[in-house]
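Database features (TrEMBL):
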TRANSMEM  58-79  transmembrane segment
TRANSMEM  107-128  transmembrane segment
TRANSMEM  158-176  transmembrane segment
TRANSMEM  219-242  transmembrane segment
TRANSMEM  254-276  transmembrane segment
TRANSMEM  312-333  transmembrane segment
TRANSMEM  345-365  transmembrane segment
TRANSMEM  422-447  transmembrane segment
TRANSMEM  483-506  transmembrane segment
TRANSMEM  513-533  transmembrane segment
DOMAIN    677-735  domain 'CBS'
Amino acid sequence: MTVYDIVKSRLKEIPHNEKLLSLKYESLDYDNSENQLFLEEERRMSHMGFRCLEIRRWVICGLIGFLTGLIACLIDIAVEELAGYKYSAVKQNIEKFTEFGGLSISLILWAALNSAFVMVGAIAVAFFEPIAAGSGIPQIKCYLNGVKIPCVVRLKTLAIKVFGVICSVAGGLAVGKEGPMIHSGAVVAAGVSQGRSTSLKKDFKIFEYFRRDTEKRDFVSAGAAAGVSAAFGAPVGGVLFSLEEGASFWNQMLTWRIFFASMISTFTLNFFLSIYHGKPGELSSPGLINFGRFDSDVSSYIPFESFLFFPYYFPGGMLGALFNVINYWLTIFRIRYIHRPCLQVMEAMLVAAVTATVAFAMIYFSNDCQPLGQDSTEEYPLQLFCADGEYNSMATAFFNTPERSVRSLFHNPPGSYNPLTLGVFTLVYFVLAVWTYGLTVSAGVFIPSLLIGAAWGRLFGILLSTITSSQSVSIWADPGKYALIGAAAQLGGIVRMTLSLTVIMVEATGNVTYGFPIMLVLMTAKIVGDYFIEGLYDIHIKLQSVPFLHWDAPPTSHWLTAREVMSSPVTCFNRVERVGRIVDVLSNTSTNHNGFPVVAHTTENEEPGKICGLILRSQLIVLLKHKVFVERASSRLSQRRLQLKDFRDAYPRFPPIQSIHVSQDERECMMDLNEFMNPTPYTVPQETSLPRVFKLFRALGLRHLVVVDDENRVVGLVTRKDLARYHLGKDGLEELQLAQT
């Protein structure tokens, strides 16, 4: 056997096909089941009861904001302390060996510290909770879209997420801690709104009314917004982020509750950070990343200057598309070959070591020396081979946390960087960021994108001031403002956010002056980028084969009807069904249906019955668990009448059918489904076009849509996967294949 054959046999490839749609993802029940129990509870509730429920929603949103702000504060303090220790140790080592030689020891120390931090974080993610990898934004988008991603809002996921992002940022990777805050806020919201922890098996007996997917969805939207607000100090931007990127449902009252959660999150973070820095009451930092204020007296802006921003309108979209294309192929490679946890940890450590090595080499060979003034804001200035009283400018970009590097590019005075330093840094950091995103570590892409854009944006500003000789134009060419526009262009080109990102940048910098050019840049970046490839989050959603439903059906799909799209034949139950048949249907491993139409008594020739209602698998399992049989009720064996509380107590981890024991005698009993089924499910005629079916399904947050014939008989069932498998490809409308990937 040759060496090639040995390597090939060890690199076991996991096949990946974009034409497949995974069957392992289930949908969430965003449509309320208006059965008799639900209607009776609504009738019993007084006006004051409804007011109390609304007050509880506000209380929950306040708790979400408070806890999210606390978590953000913990992350910020931990990162600053660990990164400060690392950079101080490396700085002292470099200063020690600069004069006497042996800087290779400093390089080894830097690489070792980076690899150690990243190794711990990667082990936690790869071996204990893989869903905590990345920023978590694609997973939260899927959750709000109606897809049940396993473990995405678990307490364990939150713990690993927070621990992992601290290790990733402290380990010097080209990542940010802001993206994971959105996932963290969503997990906090999902837990707080239920008043219990299923992981810790602790029930606080509060907020029981909100134990259903419909209510949890709204709170998760608030948690995501609170995460954005804590990250950037942008409450309004957080609200718009949830609206633009995630929410599948929205109303006016939800807007105000989400804004309230975002405000509380920002205030909590600032309050505790001010105490930590010994300045109680002084709210100087708007969020995890302090962009600093672009004061109007420093960054004067003339409307005509928008034309000078014109060169930013296209590079952002093109560089963003290039970033996404490279990361797309890199992610496919990881899916196929680097799927074992040990390999994932080794790759993360390799990237950490390479990042430190490249940064050290860039600093070592750079001759960009700048004077170190008394009012200098450099956190860890490196003199290296510069003269006394000077520092290495390349170290400002590399020898810092990414957040501090972004701020220095925004606010350092003209002349702090020479063009060669910025050009080389942009190229190198672009490659590192592309390679880093997708590692099995908790990390976000917001800050690396801003840092890349700020570097080439400031470079353009320097070149503009060099070209122009007029004094007035030189004032316009302040490099800091061009760094801001470049940062927005790069981030917009990668993630394709428009309105929400504009507001986030405006709120984070405290100056509305540049709102108009930022919006123009972001819109252009999205249009240009979408021409080449989708946004980064949509790419990773597609690579995971998630049945994600966009806002509209694919174009040119009107010729498809519900009859061609639906799943058929459909497993139906009678109004009064034999327990044995229900158990057999739920236990059938070849089918994993979660919704069953309830029909009038079927005929012997197995013709489809007329629709009477719809009942869910979860409801049937609760009924079987409590032995809600007709015979037990008639013989007075049942202790009490089942209530909605019994279904809420079992939510969200309903027991599997295998855990419910049904004796042979009980199999012959009958179960009356009339009281528990939804008697008014949504139905469509079988000739309904695909876009109309899609619009109903998406807008109403459905999980099942029953297809009926002219006589209202059940002929099929439309689910999320039936709709998600149709998409517009290069050759027109394409149909994805369903597979257990």
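Placement of Cβ uses the backbone N, Cα and C atoms for every residue, glycine included.
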Could you give me the DSSP helix, strand and coil counts for the domain 'CBS' (677-735)?
16 helix, 23 strand, 20 coil
In the same chain, which residue numbers or ranges, 6 or more beyond the ends of the transmembrane segment (345-365), come under 8 angstroms Cβ to Cβ?
103, 106-107, 110-111, 113-115, 117-119, 121-123, 126, 171-174, 334, 338, 382, 384, 392, 394-395, 398-399, 424-425, 428, 432, 435-436, 439-441
Leading stretch by Cβ pairs under 8 Å, where the reference is the transmembrane segment (107-128) and the options are 58-79, 158-176, 219-242, 513-533:
158-176
Contacting positions for the transmembrane segment (483-506) when only residues 6+ beyond its ends and CB under 8 Å are counted:
228, 232, 234, 236-238, 240-241, 243-245, 294, 309, 312-313, 315-321, 323-324, 406, 409-410, 445-446, 449-458, 460-461, 512, 514-515, 517-519, 521-523, 525-526, 528-530, 534-538
For the transmembrane segment (219-242), what are the same-chain contacts with Cβ under 8 Å, counting residues 6+ beyond its ends?
60-61, 64-65, 68-69, 71-72, 140, 143-144, 153, 177-179, 181-190, 192-193, 210, 254-255, 257-259, 261-266, 268-270, 285-291, 446, 497, 499-501, 503-504, 506-508
